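Following: one structure in structure tokens, then a few remarks.
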Amino acid sequence: MIAGRFAPTPSGLMHLGNARTALLAWLQIRRLGGSFLLRMEDIDGPRSRPDYAEAALRDLRWLGLDWDEGPDRGGPRGPYTQSERHALYEQALERLRGQGLLYPCYCSRAELAAVASAPHGLASEGPAYPGTCRCLTEEERRERALRKPPSLRFAVPPGRIVRFDDECAGPQETPPGAGGDFVVRRADGIFSYQLAVAVDDAAMGITHVLRGSDLLDSTPRQLLLLEALGLAPPRYAHVPLLMGPDGKRLAKRHGGTSLQALREAGVRPERVVGLLARWSGLLERAEPVRPRELVEAAAKRPLPALPIVVREEELSGMLEG
Ligand code: GLU
């Protein structure tokens, strides 16, 4: 049974970059005839807001995307909101702990920052953790625990190389040690993105993950967790990001790119989808189109392989109607 998902983090308004990832993930599953799920990734409570979660659903519906299961409509694999799935993450930690794969880390932010000059780990995760707390004695742990509550790290087998085939980015191979031991639960008790996503994708029976290439570096970590938990990995496709006219990743600072702002400015959703489709190589020209009308083209064309630089005129043209 094929299943895919879009998994927004409700820490801000959806912008064109998120919308494009959502569209491509939706098209992949619709053309394969699978189930499309919406999962709200509010695992980082302090950064998440319910109104952003609401806005994400509204924006996606406005674009013409739909989902078979999600926080608003339920389904057999729910709950679909990470803050309601803590018991699953806790169970996963228990299993990893039972295998001796976790250890407490007492390093402060300053100590971790000092590692920044060391050889780099996986780019999106900062420098590789050098394993400072991995081999502390019980006594050292007790002594450090008096000063600071620990985070929990996953102990990556030394020298371990992770390989996988990305449907968009091609064959991938991590450096030995797979980027260092990584956090699965923060010192403030919040489960890490890596843990929550790996557990959720497996528990929800996700077979296809399509997401932005900013998360390519996270995949080896999720694969290591899945392997340790005895869970089957999905297939991965990491699509290149949309870049703003300044060559930097399209984001809020480029202004007017949130779907809410576009809608409020009177832009029609078909026009937005047309541009997203052109930026993804699905249309020759950015003509107004509904997501459904792109399913056939998506079946014939390969996933976009290169980052797209969004031109100023394209953004302003959309606002001018
Ligand atoms: N919640 C993540 C984000 O919004 C996406 C997670 C994923 O697709 O694995 O960046």
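The backbone N, Cα and C atoms fix where each Cβ goes, glycine too.
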Range annotated as motif ''KMSKS' region' - as stated in TrEMBL, picked from 39-43, 144-148, 184-188, 249-253: 249-253
Extent of the L-glutamate binding site in Å [max Cα distance among R5, F6, A7, P8, T9, E41, Y193, R211]: 16
Secondary structure of Y129 (Zn(2+) binding site) (DSSP, helix/strand/coil): strand
Output field, L-glutamate shell: CB within 8 Å of site CB centroid, site R5, F6, A7, P8, T9, E41, Y193, R211 dropped: R39, V197
Residues among the binding-site residues A7, P8, C105 that border ligand 1 - Cβ under 6 angstroms, in sequence order: A7, P8
Integer Å distance between the CA atoms belonging to C107 (Zn(2+) binding site) and R5 (L-glutamate binding site): 35
